[in-house]
Amino acid sequence: MARITEAEVRHVAGLARLAITDEEVTHFTEQLTKILEFAEQLDELDTTGVEPTTHALDLKNVLRKDEVRPSLPREEVERMAPDWENGQVRVPAVFE
Amino acid sequence: MSLFDHGVAKLHTLLKEGEVTVTDLVKESFDRIEATDDKIGAFLTLNEDAFEQAKRMDELAKTSDDPLFGMPIGVKDNIVTKGMRTTCASTFLENFVPAHDATVVERLHDAGAVTIGKLNMDEFAMGSSNENSAFKPVRNPWDPTRVPGGSSGGSAASVAAGQVLFSLGSDTGGSIRQPAAYCGVVGMKPTYGLVSRFGLVAFASSLDQIGPLTRTVEDNAYLLNTIAGHCDMDSTSAEVEVPDYTAALNQDLTGMKFALPEEFMAEGVAPGVREQIEKAIETLKSLGATIETVSIPSVKYALSAYYLLASSEASSNLARFDGIRYGRRAEADTLDEVFTYSREQGFGDEVKRRIMLGTYALSSGYYDAFYKKAQQVRTLMKQDFAKVFEEYDAIVGPTAPTTAFKLGEQLDDPLTMYANDIMTIPVNLVGIPAISVPAGLSEGLPVGLQIIGNYFDESTLYRVAHAFEQANGGFKMPQL
């Protein structure tokens, strides 16, 4: 059984960098359990020796020449991020 | 009478003859949006420069040879547009203004199409009803108490309501075809890799594909002609020759063989949908096609495999929304709190649910049981579909098991909501193309016929869909 516990939900939320409320923990525990139980129907299929498909097409590595190309202008990129200063993204201090 | 009743080919002639101007077409769009969008809610952002652009283009219209020149288009709001807000219908990106155009948008502009605005959707394309938009739901033009489908609900509703001539959507598990079916328009999910994903905000990268929603099959072919083809900026873009898809139209179906999977007509298909699809099958037969019932047993497992794979990919793709580089940042003291609070405040319930599911499925100890297992099932499905295409030219069936349901009806139960996509999801897992074409009404609501083809065989889909449309009557405008 894929019963997922509240502790696991909190752990997964931590991995996903989601600050979730107690209420969300309760309803995600219930809903994820249902979804995972449903997903267990896959166990009915024997997949011994079956290669996993990662992609619809059989693609090879696609490489381009290592050439300098024009980049996006900084003043336009600045509009995308919430906090800029002197041409750089500003973030809270990482180290004390 | 709307100018858009004419379709691309006729409008192109009228523009060249000077009977219609680009400004007329843009005005038609804005007037109709003004008159109907309070009811429909299809648009999140309008292009303020559209009339200026139209004015500049008016003089050039008579000498333009591109069929899309001057045509008004709506773009789903997960496709980036330079200088025009692109929100993915998420609070997280409420004020996000991209610095570049997606390849598809660039190609449309090169062709002379005019972007009217950005279309509402389920947040980050996760949903089947458009109720997951952070800003407002989209309503079905056929009945505003009902959903338009999703996630490209705005794309389908805006075309059905006559607000734009056509639109772009994206399809990860049915997000073009299911809303096209619910709103009575034509929606094409091309082969994976045919249309560049550069500038499409990624949901599930191995499944996502951009495609056209239109009133008619012919217009759909014109639009795909413009957006299809290799792109250097998308490493999964296929290196294939793109044919002229309009060349596939106006052919009969003599000698063609179609498969009807019994799994697509099983219990769960609403009687009214079944009835219209059975009629559609008779129509296809009368056009010269042979149709045989087949079984594709693995489609039963598509939904499970899909939600594991798509959610896993989404959990990874949406990690980029960290409050640092794009969109919203929560007030917080530490860097880690910036991540967690920005994501808590910026994402809606369904997005969080899928990030959680995906993170769990990829986490240590569960990877083999869920993610790898689902990938193996994907292989089995590819094999099953390959077998069908050894014998048949296409697969036919309903696009969705029901017609449009009421707003709020399925919100409480994710599994019921997910089941709307049971007939469209296998196509994304396998990576093949499929089109939904209007197949009449059931109790006043549109039903869609889905035609599924082999890899890069969009021409066959257009051929079949066009023959069916001509025999069946095609697009009808809902009374609004």
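Backbone N, Cα and C define each Cβ position, glycine as well.
Automatic, uncurated: that is what TrEMBL annotation is.
Taken from TrEMBL, the feature domain 'Amidase' applies to B:24-461.
The active site, charge relay system annotation in TrEMBL covers B:LYS76 (among others). The secondary structure of B:LYS76 (active site, charge relay system), as reduced to three states from DSSP, is extended strand. Neighbour density for B:LYS76 (active site, charge relay system): within 10 A of its CB lie 30 other CB atoms from the protein chains shown.
As annotated by TrEMBL, active site, charge relay system applies to B:SER151 (among others). Less than 8 angstroms from the CB of B:SER151 (active site, charge relay system) sit B:MET121, B:ASP122, B:ALA125, B:MET126, B:GLY127, B:SER128, B:ASN130, B:ASN132, B:SER170, B:THR172, B:SER175, B:PRO179, each of them six or more residues away in the same chain.
Per TrEMBL, the feature active site, acyl-ester intermediate maps to B:SER175.
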